Amino acid sequence: MQALVDRIQKDGNILNGDVLKVDAFITHQVDPVLMEEIAESFYQAFKEAGITKVVTIEASGIVPAVYTAQKFGVPMIYARKSKSLTMNEELLTTEVYSFTKQVTSTVSISRKFLSKEDKVLIIDDFLANGQAAKGLIELCRQADASVEGIGILIEKSFQPGRKLLEEIGVKVVSLARISSLENGKIAFIEGDA
Ligand code: 5GP
């Protein structure tokens with residue numbers, strides 16, 4: 001998606017060599033016009049898949065996920081993180097290691113919002129090592145819901161997340177694919193949409 005690539009070039013900042021800061025338009029301040037275009041790209045990529053729910057993880061997946069859910073006319077569910085979560089039959093629960101925060105958190109979705117009839121599109125802002133998306137796939141699996149695909153705004157293709165998800169057998173659509181953040185430069189390879 002050229003508009004996203006252009007915006008990353010213009011307003012993205014490299015932190016610590018392998019982390020990209022996009023707080024000017026995605027993760028803190030949000031550009032709703034860009035979000036609408038992002039949602040349209042995911043809609044075009046998955047409109048034949050019979051999507052019934054869009055699933056993401058808090059916090060920064062929520063904005064693109066809700067724009068995308070609106071395009072499909074379906075609910076958006078965000079998995080919640082909680083440190084003091086106790087076992088509860090009403091929850092789907094798994095552990096996710098956070099790439100940026102470097103902590104493991106328990107994430108959960110209320111069982112009543114996902115069922116075996118659901119066809120899920122998972123949305124997240126970044127794909128790095130794939131742990132967030134893998135955790136969301138696991139929550140869908142616990143509900144016997146089918147995962148029809150994963151839509152990613154920014155894939156860091158030099159990290160192993162995409163390979164992990166493709167090995168699980170899920171279709172990945174990444175709008176911007178970054179091949180390198182070395183030497184203070186953001187290099188791209190062709191995106192999926
Ligand atoms: P993964 O689970 O694929 O290792 O990492 C994905 C999650 O980590 C995303 O939900 C995103 O919030 C965060 N993340 C990973 N890499 C970056 C990055 O370069 N910049 C930002 N802002 N977040 C990232």
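From the backbone N, Cα and C atoms, a Cβ is placed for every residue, glycine too.
Please treat TrEMBL annotations as automatic predictions, because they have not gone through curation.
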- Message: Can you find which of THR27, THR52 TrEMBL lists as binding xanthine at the same site as LEU20, LYS156?
- Response: THR27
- Across every protein chain in view, the count of C-beta atoms other than its own within 10 A of the C-beta of LYS156 (xanthine binding site) is 24
- By a simple count of other Cβ atoms within 10 Å, which of LEU20, ALA128, ALA132, the binding-site residues in the record, is least packed? LEU20
- Task: Determine which residues of the same chain, besides LEU20, THR27, LYS156, have their CB within 8 A of the center of the CB atoms at the recorded xanthine site, and list them by sequence.
- Result: GLY12, VAL19, LYS21, VAL22, ASP125, PHE126, ALA128, ILE154, ILE178
- Tell me, in order along the sequence, which binding-site residues from LEU20, THR27, LYS156 have their CA within 10 Å of ASN129 (5-phospho-alpha-D-ribose 1-diphosphate binding site). LYS156
